[in-house]
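Following: one structure in C-alpha coordinates, then a few remarks.
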Amino acid sequence: MGRPQNDFRRKSSTVHYQTFPTPPPKSKGQPPSDTSSNDEAYHRRTSSRDSNEASPLPVKQLCVLAVISLSEQTALNSIGPYLPQMAATFPGVKEDQVGVYVGTIASSFALAQFATSFFWGWLSDRIGRKPVVIIGTFLTAVCFLVFGFVRTLWQAILVQVAIGLVNGNQGVVSTCLGEITDRSNQSRAFIYLPVIYGLGGITGPVVGGLLVKKGAHFSTKDPYPYLRPNLVATAVLLFDLIVCMFFLQESLEEAKTLPPLGKRVGNLFSWVWQFASSTRPSYLRMRMPHGSKKQDQGHTPLLEDHENDSDSDTESETDMPDMIPQHHTDLTSAQIFNRDTVLLMSTYLIFQLSNVSYNALYPIFGQARPPRGRDLSPEEIGFSLAFAGAATILFQLGVFGRLRDKAGNKVTYRACIAGMAVAFILTPWVGYKNMKNGDGGISSGKAWLYIELGIVLLIKSLAAVGCLTSFLLLITNSAPNHSTLGTLNGLAQTLSAAGRAAGPFLAGGLFSLSTHLEPKGEAMAFSVFGGVAFVGFLMSFGIRSEQLESDGLEEDEDSEDDEDDDVERR
(Lines of atoms letter the chains of each structure in order from A and count residues from 1; the text may use other names and numbers.)
(Lines give C-alpha, C1' and ligand atoms only; values in the text may rest on other atoms or scores of the structure.)
Protein backbone atom coordinates (compact mmCIF):
# COMPACT_ATOMS: atom_id res chain seq x y z
CA MET A 1 0.00 0.00 0.00
CA GLY A 2 2.91 2.34 0.71
CA ARG A 3 4.33 2.35 -2.81
CA PRO A 4 1.18 3.41 -4.70
CA GLN A 5 0.81 6.26 -2.25
CA ASN A 6 4.33 7.45 -2.98
CA ASP A 7 3.74 7.12 -6.71
CA PHE A 8 0.63 9.24 -6.44
CA ARG A 9 2.40 11.86 -4.41
CA ARG A 10 5.11 12.23 -7.00
CA LYS A 11 2.51 12.47 -9.72
CA SER A 12 0.56 15.13 -7.89
CA SER A 13 3.70 17.18 -7.45
CA THR A 14 4.26 17.38 -11.19
CA VAL A 15 0.77 18.64 -11.91
CA HIS A 16 0.64 20.91 -8.90
CA TYR A 17 -0.72 23.91 -10.80
CA GLN A 18 -3.94 22.07 -11.70
CA THR A 19 -5.25 23.34 -8.38
CA PHE A 20 -5.97 26.60 -10.21
CA PRO A 21 -7.55 25.69 -13.58
CA THR A 22 -9.17 29.09 -14.11
CA PRO A 23 -7.85 32.62 -13.72
CA PRO A 24 -8.87 34.62 -10.67
CA PRO A 25 -12.04 36.70 -10.80
CA LYS A 26 -11.16 40.16 -11.98
CA SER A 27 -12.44 43.52 -10.87
CA LYS A 28 -14.85 45.25 -13.18
CA GLY A 29 -12.99 47.07 -15.91
CA GLN A 30 -9.60 45.54 -15.14
CA PRO A 31 -7.43 45.49 -18.29
CA PRO A 32 -6.00 42.16 -19.39
CA SER A 33 -2.31 41.51 -18.90
CA ASP A 34 0.21 39.25 -20.56
CA THR A 35 0.54 37.22 -17.38
CA SER A 36 -3.19 36.68 -17.08
CA SER A 37 -3.54 35.69 -20.74
CA ASN A 38 -0.77 33.14 -20.38
CA ASP A 39 -2.40 31.80 -17.23
CA GLU A 40 -5.73 31.55 -19.02
CA ALA A 41 -4.22 29.50 -21.83
CA TYR A 42 -2.51 27.20 -19.38
CA HIS A 43 -5.61 26.86 -17.20
CA ARG A 44 -7.78 26.04 -20.21
CA ARG A 45 -5.45 23.18 -21.08
CA THR A 46 -5.38 21.97 -17.49
CA SER A 47 -9.15 22.22 -17.11
CA SER A 48 -9.83 20.26 -20.28
CA ARG A 49 -7.35 17.62 -19.16
CA ASP A 50 -8.82 17.25 -15.67
CA SER A 51 -12.51 17.51 -16.52
CA ASN A 52 -12.77 13.91 -17.73
CA GLU A 53 -12.40 12.25 -14.35
CA ALA A 54 -11.75 13.22 -10.75
CA SER A 55 -8.24 12.82 -9.41
CA PRO A 56 -7.81 10.37 -6.53
CA LEU A 57 -7.57 11.91 -3.08
CA PRO A 58 -4.13 11.91 -1.39
CA VAL A 59 -5.43 9.89 1.55
CA LYS A 60 -2.21 9.68 3.53
CA GLN A 61 -1.62 13.42 3.57
CA LEU A 62 -5.29 14.10 4.27
CA CYS A 63 -5.00 11.89 7.36
CA VAL A 64 -1.91 13.78 8.52
CA LEU A 65 -3.66 17.13 8.08
CA ALA A 66 -6.67 15.70 9.93
CA VAL A 67 -4.50 14.75 12.91
CA ILE A 68 -2.96 18.23 12.97
CA SER A 69 -6.34 19.97 12.85
CA LEU A 70 -8.04 17.64 15.35
CA SER A 71 -5.24 17.96 17.89
CA GLU A 72 -5.20 21.73 17.67
CA GLN A 73 -8.99 22.08 17.83
CA THR A 74 -9.18 19.69 20.79
CA ALA A 75 -6.71 21.82 22.72
CA LEU A 76 -8.27 25.17 21.81
CA ASN A 77 -11.85 24.04 22.48
CA SER A 78 -11.00 22.49 25.84
CA ILE A 79 -10.85 25.94 27.46
CA GLY A 80 -14.42 27.06 26.73
CA PRO A 81 -16.45 24.95 29.21
CA TYR A 82 -14.45 25.95 32.30
CA LEU A 83 -13.36 29.48 31.35
CA PRO A 84 -16.36 31.28 32.97
CA GLN A 85 -15.83 29.34 36.20
CA MET A 86 -12.08 29.92 36.03
CA ALA A 87 -12.54 33.67 35.55
CA ALA A 88 -15.01 33.82 38.44
CA THR A 89 -12.45 32.28 40.82
CA PHE A 90 -9.67 34.75 39.99
CA PRO A 91 -8.92 37.19 42.84
CA GLY A 92 -10.78 40.49 42.53
CA VAL A 93 -13.35 39.34 39.94
CA LYS A 94 -16.96 40.12 40.89
CA GLU A 95 -19.87 37.94 39.78
CA ASP A 96 -21.42 40.60 37.56
CA GLN A 97 -18.05 41.15 35.81
CA VAL A 98 -17.44 37.54 34.78
CA GLY A 99 -18.76 38.10 31.26
CA VAL A 100 -16.40 41.02 30.67
CA TYR A 101 -13.34 39.12 31.86
CA VAL A 102 -14.21 35.96 29.95
CA GLY A 103 -14.47 38.10 26.82
CA THR A 104 -11.18 39.81 27.65
CA ILE A 105 -9.31 36.50 28.01
CA ALA A 106 -10.75 35.09 24.79
CA SER A 107 -10.17 38.34 22.90
CA SER A 108 -6.54 38.51 23.98
CA PHE A 109 -5.85 35.23 22.16
CA ALA A 110 -7.58 36.36 18.98
CA LEU A 111 -6.02 39.82 19.06
CA ALA A 112 -2.54 38.33 19.28
CA GLN A 113 -3.38 35.93 16.45
CA PHE A 114 -4.59 38.90 14.41
CA ALA A 115 -1.12 40.44 14.75
CA THR A 116 0.78 37.39 13.47
CA SER A 117 -1.52 35.28 11.25
CA PHE A 118 -0.60 37.13 8.07
CA PHE A 119 3.08 36.75 8.96
CA TRP A 120 2.77 32.97 9.38
CA GLY A 121 0.98 32.70 6.03
CA TRP A 122 3.60 34.86 4.34
CA LEU A 123 6.41 32.90 5.97
CA SER A 124 4.93 29.59 4.79
CA ASP A 125 5.11 30.94 1.22
CA ARG A 126 8.83 31.56 1.77
CA ILE A 127 10.24 28.66 3.79
CA GLY A 128 7.52 26.04 3.25
CA ARG A 129 4.42 24.82 5.04
CA LYS A 130 5.98 22.08 7.17
CA PRO A 131 8.46 24.16 9.21
CA VAL A 132 5.77 26.72 10.03
CA VAL A 133 3.39 24.00 11.26
CA ILE A 134 6.11 22.37 13.37
CA ILE A 135 7.16 25.63 15.01
CA GLY A 136 3.57 26.65 15.73
CA THR A 137 2.60 23.27 17.19
CA PHE A 138 5.59 23.07 19.52
CA LEU A 139 5.18 26.59 20.88
CA THR A 140 1.42 26.13 21.32
CA ALA A 141 2.02 22.97 23.38
CA VAL A 142 4.39 24.87 25.68
CA CYS A 143 1.82 27.64 26.16
CA PHE A 144 -0.96 25.20 27.08
CA LEU A 145 1.27 23.64 29.71
CA VAL A 146 1.88 27.08 31.22
CA PHE A 147 -1.86 27.92 31.12
CA GLY A 148 -2.55 25.11 33.59
CA PHE A 149 -0.51 26.95 36.23
CA VAL A 150 -2.11 30.41 35.99
CA ARG A 151 -3.73 31.76 39.15
CA THR A 152 -4.61 35.37 38.28
CA LEU A 153 -6.49 37.19 35.54
CA TRP A 154 -3.41 38.86 34.10
CA GLN A 155 -1.50 35.60 33.95
CA ALA A 156 -4.36 34.05 31.96
CA ILE A 157 -4.42 37.00 29.56
CA LEU A 158 -0.65 36.90 28.98
CA VAL A 159 -0.64 33.17 28.25
CA GLN A 160 -3.56 33.52 25.85
CA VAL A 161 -1.66 36.30 24.08
CA ALA A 162 1.32 33.97 23.75
CA ILE A 163 -0.86 31.19 22.29
CA GLY A 164 -2.27 33.62 19.73
CA LEU A 165 1.15 34.92 18.72
CA VAL A 166 2.63 31.49 17.97
CA ASN A 167 -0.43 29.80 16.47
CA GLY A 168 -1.04 30.28 12.75
CA ASN A 169 -1.56 26.67 11.74
CA GLN A 170 -5.19 26.87 10.68
CA GLY A 171 -4.44 29.00 7.64
CA VAL A 172 -1.38 26.93 6.74
CA VAL A 173 -3.35 23.67 6.93
CA SER A 174 -6.00 25.14 4.62
CA THR A 175 -3.22 26.12 2.23
CA CYS A 176 -1.78 22.60 2.26
CA LEU A 177 -5.22 21.19 1.53
CA GLY A 178 -5.61 23.49 -1.45
CA GLU A 179 -2.19 22.51 -2.81
CA ILE A 180 -2.59 18.73 -2.64
CA THR A 181 -6.01 18.76 -4.36
CA ASP A 182 -7.42 20.10 -7.63
CA ARG A 183 -10.86 21.27 -8.74
CA SER A 184 -11.96 17.76 -9.60
CA ASN A 185 -11.58 16.48 -6.03
CA GLN A 186 -11.38 19.58 -3.84
CA SER A 187 -15.08 19.47 -2.91
CA ARG A 188 -14.66 16.01 -1.39
CA ALA A 189 -11.46 16.97 0.42
CA PHE A 190 -12.62 20.29 1.86
CA ILE A 191 -15.76 18.72 3.33
CA TYR A 192 -13.61 16.79 5.79
CA LEU A 193 -11.80 19.79 7.28
CA PRO A 194 -14.91 21.21 9.02
CA VAL A 195 -15.73 17.65 10.07
CA ILE A 196 -12.40 17.56 11.87
CA TYR A 197 -13.20 20.93 13.43
CA GLY A 198 -16.51 19.43 14.51
CA LEU A 199 -14.72 16.49 16.11
CA GLY A 200 -12.51 18.99 17.90
CA GLY A 201 -15.70 20.71 19.02
CA ILE A 202 -16.65 17.40 20.66
CA THR A 203 -13.36 16.22 22.12
CA GLY A 204 -12.29 19.65 23.34
CA PRO A 205 -15.38 20.48 25.43
CA VAL A 206 -15.45 16.92 26.79
CA VAL A 207 -11.84 17.25 27.97
CA GLY A 208 -12.47 20.66 29.50
CA GLY A 209 -15.85 19.78 30.99
CA LEU A 210 -15.00 16.40 32.51
CA LEU A 211 -11.59 17.24 33.98
CA VAL A 212 -12.80 20.31 35.89
CA LYS A 213 -15.20 19.89 38.80
CA LYS A 214 -18.12 22.27 39.27
CA GLY A 215 -17.28 24.83 41.93
CA ALA A 216 -13.53 24.22 41.67
CA HIS A 217 -11.47 27.07 43.08
CA PHE A 218 -7.88 27.88 43.97
CA SER A 219 -6.94 26.51 47.40
CA THR A 220 -4.00 25.06 49.29
CA LYS A 221 -5.43 21.58 48.80
CA ASP A 222 -5.82 22.06 45.05
CA PRO A 223 -3.62 25.00 44.00
CA TYR A 224 -4.01 24.31 40.27
CA PRO A 225 -7.58 23.03 39.68
CA TYR A 226 -7.35 23.70 35.92
CA LEU A 227 -4.06 21.90 35.31
CA ARG A 228 -5.56 18.53 34.33
CA PRO A 229 -7.28 19.58 31.06
CA ASN A 230 -4.21 21.54 30.04
CA LEU A 231 -1.92 18.56 30.62
CA VAL A 232 -4.15 16.52 28.33
CA ALA A 233 -4.14 19.31 25.72
CA THR A 234 -0.33 19.49 25.90
CA ALA A 235 0.00 15.73 25.41
CA VAL A 236 -2.32 15.86 22.40
CA LEU A 237 -0.28 18.65 20.81
CA LEU A 238 3.00 16.80 21.39
CA PHE A 239 1.54 13.75 19.64
CA ASP A 240 0.52 16.09 16.81
CA LEU A 241 4.10 17.39 16.67
CA ILE A 242 5.54 13.89 16.26
CA VAL A 243 3.08 13.04 13.48
CA CYS A 244 3.87 16.29 11.69
CA MET A 245 7.65 15.82 11.88
CA PHE A 246 7.65 12.29 10.48
CA PHE A 247 4.67 12.12 8.12
CA LEU A 248 3.74 15.60 6.84
CA GLN A 249 5.08 16.18 3.33
CA GLU A 250 5.99 19.62 2.05
CA SER A 251 3.30 20.86 -0.36
CA LEU A 252 4.94 24.11 -1.51
CA GLU A 253 6.57 23.26 -4.84
CA GLU A 254 9.41 25.80 -4.58
CA ALA A 255 10.34 24.61 -1.08
CA LYS A 256 10.93 21.04 -2.28
CA THR A 257 14.22 22.11 -3.90
CA LEU A 258 15.54 23.56 -0.64
CA PRO A 259 17.87 21.82 1.84
CA PRO A 260 16.46 19.65 4.67
CA LEU A 261 14.10 21.15 7.22
CA GLY A 262 16.67 21.38 10.01
CA LYS A 263 19.02 23.49 7.92
CA ARG A 264 16.17 25.76 6.81
CA VAL A 265 15.10 26.39 10.41
CA GLY A 266 18.70 27.17 11.30
CA ASN A 267 18.95 29.60 8.40
CA LEU A 268 15.74 31.27 9.57
CA PHE A 269 17.30 32.07 12.94
CA SER A 270 20.46 33.21 11.16
CA TRP A 271 18.37 35.54 9.04
CA VAL A 272 16.75 37.01 12.15
CA TRP A 273 20.20 37.40 13.70
CA GLN A 274 21.35 39.34 10.64
CA PHE A 275 18.91 42.15 11.34
CA ALA A 276 19.40 42.07 15.13
CA SER A 277 23.19 42.19 15.17
CA SER A 278 26.01 43.95 13.37
CA THR A 279 27.71 40.57 12.89
CA ARG A 280 26.26 38.87 9.85
CA PRO A 281 26.08 35.06 9.59
CA SER A 282 28.78 33.54 7.45
CA TYR A 283 26.31 31.80 5.13
CA LEU A 284 25.08 35.18 3.93
CA ARG A 285 28.48 35.73 2.31
CA MET A 286 28.72 32.28 0.73
CA ARG A 287 27.51 33.25 -2.74
CA MET A 288 29.75 35.74 -4.50
CA PRO A 289 28.73 38.46 -6.99
CA HIS A 290 28.71 37.57 -10.68
CA GLY A 291 32.17 37.41 -12.20
CA SER A 292 34.02 37.28 -8.91
CA LYS A 293 36.09 34.44 -7.54
CA LYS A 294 36.08 32.82 -4.13
CA GLN A 295 38.63 34.20 -1.75
CA ASP A 296 41.36 32.11 -0.30
CA GLN A 297 40.97 30.52 3.09
CA GLY A 298 43.57 32.87 4.57
CA HIS A 299 43.14 36.16 6.39
CA THR A 300 41.47 39.07 4.61
CA PRO A 301 42.25 42.72 5.40
CA LEU A 302 39.66 44.31 7.65
CA LEU A 303 39.38 47.38 5.43
CA GLU A 304 38.42 45.26 2.43
CA ASP A 305 35.78 43.48 4.50
CA HIS A 306 34.35 46.83 5.52
CA GLU A 307 34.26 48.18 1.98
CA ASN A 308 32.40 45.13 0.71
CA ASP A 309 29.98 45.18 3.61
CA SER A 310 27.26 47.17 1.85
CA ASP A 311 27.46 44.96 -1.23
CA SER A 312 27.09 41.86 0.90
CA ASP A 313 24.10 43.35 2.70
CA THR A 314 22.38 44.13 -0.57
CA GLU A 315 23.10 40.68 -1.92
CA SER A 316 21.98 38.88 1.25
CA GLU A 317 18.55 40.46 1.18
CA THR A 318 17.73 38.83 -2.13
CA ASP A 319 20.06 35.83 -2.27
CA MET A 320 19.24 33.31 0.45
CA PRO A 321 18.96 30.02 -1.43
CA ASP A 322 19.17 27.93 1.74
CA MET A 323 15.92 29.25 3.13
CA ILE A 324 13.67 31.04 0.66
CA PRO A 325 12.49 29.61 -2.69
CA GLN A 326 12.43 31.83 -5.74
CA HIS A 327 9.06 33.02 -7.07
CA HIS A 328 8.93 33.98 -10.72
CA THR A 329 5.36 35.27 -11.07
CA ASP A 330 4.71 38.85 -9.98
CA LEU A 331 1.05 39.73 -9.57
CA THR A 332 -0.48 43.12 -8.98
CA SER A 333 -2.64 43.76 -5.93
CA ALA A 334 -5.61 44.33 -8.25
CA GLN A 335 -5.24 40.80 -9.62
CA ILE A 336 -5.14 39.29 -6.14
CA PHE A 337 -7.63 41.52 -4.30
CA ASN A 338 -10.46 41.89 -6.80
CA ARG A 339 -14.08 42.65 -5.93
CA ASP A 340 -15.10 39.08 -5.16
CA THR A 341 -12.03 38.43 -3.03
CA VAL A 342 -12.58 41.62 -1.03
CA LEU A 343 -16.23 40.73 -0.44
CA LEU A 344 -15.22 37.20 0.51
CA MET A 345 -12.78 38.50 3.09
CA SER A 346 -15.27 41.06 4.43
CA THR A 347 -18.10 38.57 4.86
CA TYR A 348 -15.70 36.05 6.38
CA LEU A 349 -14.72 38.67 8.95
CA ILE A 350 -18.40 39.15 9.79
CA PHE A 351 -18.96 35.40 9.97
CA GLN A 352 -16.05 34.88 12.35
CA LEU A 353 -17.13 37.85 14.47
CA SER A 354 -20.61 36.34 14.75
CA ASN A 355 -19.40 32.77 15.26
CA VAL A 356 -16.92 33.49 18.03
CA SER A 357 -19.35 35.89 19.71
CA TYR A 358 -21.90 33.10 19.89
CA ASN A 359 -19.25 30.73 21.22
CA ALA A 360 -18.45 33.26 23.95
CA LEU A 361 -22.07 34.15 24.75
CA TYR A 362 -23.42 30.63 25.05
CA PRO A 363 -21.28 29.48 28.04
CA ILE A 364 -21.90 32.80 29.84
CA PHE A 365 -25.64 32.61 29.13
CA GLY A 366 -25.73 28.93 30.04
CA GLN A 367 -23.99 29.18 33.42
CA ALA A 368 -25.66 32.43 34.55
CA ARG A 369 -28.45 32.21 37.11
CA PRO A 370 -32.10 32.50 36.00
CA PRO A 371 -33.73 34.53 34.62
CA ARG A 372 -30.61 35.95 32.89
CA GLY A 373 -29.20 32.49 32.17
CA ARG A 374 -30.09 28.82 32.45
CA ASP A 375 -27.86 27.69 35.37
CA LEU A 376 -26.02 24.98 33.42
CA SER A 377 -22.91 23.26 34.81
CA PRO A 378 -19.62 23.01 32.87
CA GLU A 379 -20.48 19.35 32.20
CA GLU A 380 -23.89 20.27 30.73
CA ILE A 381 -22.37 23.01 28.58
CA GLY A 382 -19.63 20.67 27.37
CA PHE A 383 -22.02 17.83 26.51
CA SER A 384 -24.47 20.15 24.75
CA LEU A 385 -21.67 21.41 22.52
CA ALA A 386 -20.49 17.84 21.97
CA PHE A 387 -24.00 16.80 20.88
CA ALA A 388 -24.20 19.65 18.38
CA GLY A 389 -20.76 18.76 17.06
CA ALA A 390 -21.64 15.08 16.62
CA ALA A 391 -24.88 15.86 14.77
CA THR A 392 -23.03 18.33 12.57
CA ILE A 393 -20.44 15.73 11.60
CA LEU A 394 -23.15 13.30 10.51
CA PHE A 395 -24.85 16.04 8.48
CA GLN A 396 -21.57 17.13 6.93
CA LEU A 397 -20.64 13.62 5.85
CA GLY A 398 -24.07 12.46 4.71
CA VAL A 399 -26.03 15.45 3.42
CA PHE A 400 -24.03 18.66 3.13
CA GLY A 401 -21.85 17.56 0.21
CA ARG A 402 -24.86 16.74 -1.95
CA LEU A 403 -26.59 20.02 -1.06
CA ARG A 404 -23.46 22.01 -1.85
CA ASP A 405 -23.01 20.21 -5.18
CA LYS A 406 -26.56 21.16 -6.16
CA ALA A 407 -26.60 24.73 -4.85
CA GLY A 408 -22.97 25.70 -5.40
CA ASN A 409 -20.36 27.33 -3.19
CA LYS A 410 -21.81 30.85 -3.28
CA VAL A 411 -25.42 29.92 -2.44
CA THR A 412 -24.31 27.60 0.35
CA TYR A 413 -22.06 30.29 1.81
CA ARG A 414 -24.92 32.78 1.72
CA ALA A 415 -27.45 30.42 3.32
CA CYS A 416 -25.10 29.48 6.15
CA ILE A 417 -24.50 33.11 7.11
CA ALA A 418 -28.28 33.53 7.27
CA GLY A 419 -28.48 30.44 9.50
CA MET A 420 -26.06 32.07 11.92
CA ALA A 421 -28.39 35.07 12.24
CA VAL A 422 -31.34 32.77 12.95
CA ALA A 423 -29.44 30.99 15.75
CA PHE A 424 -28.68 34.31 17.44
CA ILE A 425 -32.31 35.39 17.43
CA LEU A 426 -33.60 32.08 18.84
CA THR A 427 -31.06 31.44 21.61
CA PRO A 428 -32.24 33.90 24.33
CA TRP A 429 -35.75 32.44 24.05
CA VAL A 430 -34.58 28.89 24.79
CA GLY A 431 -36.33 27.71 27.97
CA TYR A 432 -37.91 31.14 28.48
CA LYS A 433 -41.41 29.79 29.10
CA ASN A 434 -40.08 27.42 31.72
CA MET A 435 -38.13 30.21 33.39
CA LYS A 436 -41.27 32.34 33.55
CA ASN A 437 -43.50 29.67 35.07
CA GLY A 438 -40.89 28.23 37.42
CA ASP A 439 -38.01 25.85 37.15
CA GLY A 440 -40.26 22.82 36.68
CA GLY A 441 -39.24 19.20 37.07
CA ILE A 442 -36.78 17.21 35.01
CA SER A 443 -39.49 16.00 32.65
CA SER A 444 -41.22 19.35 32.08
CA GLY A 445 -38.41 21.87 32.61
CA LYS A 446 -34.96 20.44 31.95
CA ALA A 447 -36.10 18.09 29.20
CA TRP A 448 -37.64 20.89 27.12
CA LEU A 449 -34.63 23.08 27.83
CA TYR A 450 -32.29 20.40 26.49
CA ILE A 451 -34.45 19.85 23.39
CA GLU A 452 -34.62 23.55 22.57
CA LEU A 453 -30.92 24.00 23.22
CA GLY A 454 -30.13 21.05 20.98
CA ILE A 455 -32.16 22.47 18.09
CA VAL A 456 -30.64 25.94 18.29
CA LEU A 457 -27.09 24.66 18.74
CA LEU A 458 -27.61 22.35 15.77
CA ILE A 459 -28.67 25.28 13.57
CA LYS A 460 -25.68 27.28 14.68
CA SER A 461 -23.19 24.43 14.24
CA LEU A 462 -24.48 23.49 10.78
CA ALA A 463 -24.27 27.12 9.71
CA ALA A 464 -20.73 27.46 11.07
CA VAL A 465 -19.22 24.38 9.39
CA GLY A 466 -21.12 24.99 6.15
CA CYS A 467 -19.90 28.57 5.98
CA LEU A 468 -16.33 27.50 6.69
CA THR A 469 -16.39 24.75 4.05
CA SER A 470 -17.81 27.07 1.40
CA PHE A 471 -15.37 29.84 2.23
CA LEU A 472 -12.35 27.53 1.96
CA LEU A 473 -13.48 26.43 -1.50
CA LEU A 474 -14.23 29.99 -2.59
CA ILE A 475 -10.95 31.48 -1.41
CA THR A 476 -8.93 28.59 -2.89
CA ASN A 477 -10.60 29.05 -6.28
CA SER A 478 -10.04 32.82 -6.14
CA ALA A 479 -6.25 32.54 -5.77
CA PRO A 480 -4.35 33.44 -8.97
CA ASN A 481 -1.75 30.70 -8.37
CA HIS A 482 -0.34 28.55 -5.60
CA SER A 483 2.39 31.04 -4.65
CA THR A 484 -0.24 33.47 -3.29
CA LEU A 485 -2.47 30.88 -1.62
CA GLY A 486 -0.56 30.93 1.66
CA THR A 487 -0.75 34.72 1.80
CA LEU A 488 -4.50 34.72 1.08
CA ASN A 489 -5.15 32.10 3.74
CA GLY A 490 -2.93 34.01 6.14
CA LEU A 491 -4.95 37.16 5.47
CA ALA A 492 -8.17 35.21 5.96
CA GLN A 493 -6.95 33.95 9.32
CA THR A 494 -5.86 37.48 10.21
CA LEU A 495 -9.38 38.78 9.55
CA SER A 496 -10.77 35.79 11.39
CA ALA A 497 -8.58 36.68 14.35
CA ALA A 498 -9.79 40.29 14.17
CA GLY A 499 -13.38 39.11 14.45
CA ARG A 500 -12.47 36.67 17.20
CA ALA A 501 -10.62 39.43 19.05
CA ALA A 502 -13.51 41.87 19.03
CA GLY A 503 -16.28 39.28 19.39
CA PRO A 504 -15.71 37.86 22.89
CA PHE A 505 -14.93 41.26 24.38
CA LEU A 506 -18.02 42.89 22.87
CA ALA A 507 -20.19 39.87 23.64
CA GLY A 508 -19.08 39.67 27.25
CA GLY A 509 -19.48 43.41 27.73
CA LEU A 510 -22.95 43.49 26.17
CA PHE A 511 -24.11 40.54 28.28
CA SER A 512 -22.81 42.15 31.47
CA LEU A 513 -24.60 45.37 30.49
CA SER A 514 -27.79 43.44 29.81
CA THR A 515 -27.97 42.28 33.44
CA HIS A 516 -29.16 45.78 34.32
CA LEU A 517 -31.93 45.86 31.68
CA GLU A 518 -35.52 44.75 32.22
CA PRO A 519 -37.21 42.75 30.88
CA LYS A 520 -35.37 40.17 28.81
CA GLY A 521 -32.10 42.08 28.88
CA GLU A 522 -30.03 39.03 27.94
CA ALA A 523 -31.55 39.15 24.45
CA MET A 524 -29.72 42.40 23.67
CA ALA A 525 -26.31 40.87 22.99
CA PHE A 526 -27.76 38.04 20.88
CA SER A 527 -29.88 40.50 18.87
CA VAL A 528 -26.94 42.80 18.15
CA PHE A 529 -24.77 40.04 16.73
CA GLY A 530 -27.73 38.53 14.91
CA GLY A 531 -28.06 41.86 13.11
CA VAL A 532 -24.36 41.83 12.26
CA ALA A 533 -24.71 38.35 10.74
CA PHE A 534 -27.68 39.55 8.69
CA VAL A 535 -25.54 42.37 7.26
CA GLY A 536 -23.00 39.76 6.17
CA PHE A 537 -25.81 37.80 4.53
CA LEU A 538 -26.79 40.86 2.47
CA MET A 539 -23.18 41.58 1.49
CA SER A 540 -22.69 38.01 0.25
CA PHE A 541 -25.03 38.71 -2.69
CA GLY A 542 -22.19 40.75 -4.21
CA ILE A 543 -20.05 37.62 -4.68
CA ARG A 544 -21.03 36.68 -8.23
CA SER A 545 -18.10 35.23 -10.22
CA GLU A 546 -18.85 31.81 -11.70
CA GLN A 547 -15.14 30.97 -11.59
CA LEU A 548 -15.43 30.47 -7.84
CA GLU A 549 -17.46 27.29 -8.27
CA SER A 550 -15.99 23.80 -8.33
CA ASP A 551 -15.87 21.61 -11.43
CA GLY A 552 -18.98 19.59 -10.69
CA LEU A 553 -21.35 22.54 -10.70
CA GLU A 554 -19.62 24.15 -13.65
CA GLU A 555 -19.90 20.97 -15.68
CA ASP A 556 -23.63 20.74 -14.93
CA GLU A 557 -24.12 24.35 -15.99
CA ASP A 558 -22.02 23.84 -19.12
CA SER A 559 -24.06 20.79 -20.10
CA GLU A 560 -27.26 22.79 -19.67
CA ASP A 561 -25.83 25.59 -21.84
CA ASP A 562 -24.85 23.05 -24.51
CA GLU A 563 -28.39 21.65 -24.53
CA ASP A 564 -29.80 25.16 -24.94
CA ASP A 565 -27.42 25.80 -27.84
CA ASP A 566 -28.51 22.55 -29.51
CA VAL A 567 -32.16 23.57 -29.20
CA GLU A 568 -31.42 26.98 -30.71
CA ARG A 569 -29.53 25.42 -33.65
CA ARG A 570 -32.47 23.10 -34.35
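Backbone N, Cα and C atoms are what each Cβ position is placed from, and that goes for glycine too.
Automatic, uncurated: that is what TrEMBL annotation is.
Summarising the annotation, TrEMBL assigns compositional bias 'Basic and acidic residues' to 1-10 (among others).
Residues annotated as compositional bias 'Basic and acidic residues' in TrEMBL: 40-52 (among others).
According to TrEMBL, the feature compositional bias 'Basic and acidic residues' maps to 293-305 (among others).
Summarising the annotation, TrEMBL assigns compositional bias 'Acidic residues' to 306-320.
The annotation domain 'Major facilitator superfamily (MFS) profile' is assigned in TrEMBL to 61-548.
What TrEMBL lists as region 'Disordered' is 1-54 (among others).
For 286-322 (among others), the entry in TrEMBL reads region 'Disordered'.
The region 'Disordered' annotation in TrEMBL covers 548-570 (among others).
The transmembrane segment annotation in TrEMBL covers 98-120 (among others).
Remote same-chain partners of the transmembrane segment (132-150), defined as residues 6 or more beyond its termini with a Cβ less than 8 Å from a stretch Cβ, comprise 68, 71-72, 75, 79, 120, 123-124, 156, 159-160, 162-163, 166-169, 172-173, 224, 226-231, 233-234, 237-238, 240-241, 244-245, 248, 261, 265. If you look up TrEMBL, you'll see 132-150 (among others) marked as transmembrane segment.
Here the transmembrane segment (189-211) has Cβ contacts under 8 Å with residues 57, 62, 65-66, 69-70, 72-82, 173-174, 177, 180-181, 228-229, 232-233, 378-379, 381-383, 385-386, 388-390, 392-393, 396-397, 400-401, 404, 461, 464-466, 468-469, 472-473, 476 of the same chain, all six or more residues outside its ends. Positions annotated as transmembrane segment by TrEMBL: 189-211 (among others).
According to TrEMBL, the feature transmembrane segment maps to 231-248 (among others). Away from its own ends, the transmembrane segment (231-248) comes close to residues 60-61, 64-65, 67-68, 71-72, 74-75, 78, 129-130, 133-134, 137-138, 140-142, 144-145, 148, 207, 211 of its chain (Cβ-Cβ under 8 Å, at least six residues beyond either end).
Residues or ranges marked as transmembrane segment in TrEMBL: 342-361 (among others).
The transmembrane segment annotation in TrEMBL covers 381-399 (among others).
Sequence annotations record features per position, and here TrEMBL assigns transmembrane segment to 411-430 (among others).
Remote same-chain residues near the transmembrane segment (450-476) are listed as 19, 174, 177-178, 186-187, 190-191, 193-195, 197-198, 201, 341, 344, 348, 351, 355, 358, 362, 374, 384-385, 387-389, 391-392, 395-396, 400, 404, 409-410, 412-413, 415-420, 422-423, 426-427, 430-431, 485, 488-489, 492, 543, 548, 550 (criterion: CB distance under 8 Å, separation of at least six residues from the stretch ends). For 450-476 (among others), the entry in TrEMBL reads transmembrane segment.
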Positions whose Cβ lies under 8 angstroms from the transmembrane segment (342-361), at least six residues beyond its ends: 80, 102-103, 106, 110, 413, 417, 420-421, 423-424, 427, 460, 464, 467, 471, 474-475, 478, 491-492, 495-496, 498-500, 502-504, 506-508, 511, 525-526, 529-530, 532-533, 535-536, 539-540, 542-543
Beyond the flanks of the transmembrane segment (411-430) by 6 or more, those residues with Cβ under 8 Å of it: 347, 350-351, 354-355, 358, 361-362, 365, 374, 403-404, 449, 452-453, 456-457, 459-460, 462-464, 466-467, 469-471, 474, 520, 522-523, 526-527, 529-531, 533-534, 536-537, 540-541, 543
Long-range Cβ neighbours of the transmembrane segment (98-120) (under 8 Å; 6 or more residues past either end): 83-84, 87-88, 90, 132, 136, 153, 156-157, 160-169, 171-172, 356, 360, 363-364, 487, 490-491, 493-494, 496-509, 511-512
Mean of the pLDDT scores, which run from 0 to 100, over the domain 'Major facilitator superfamily (MFS) profile' (61-548): 79
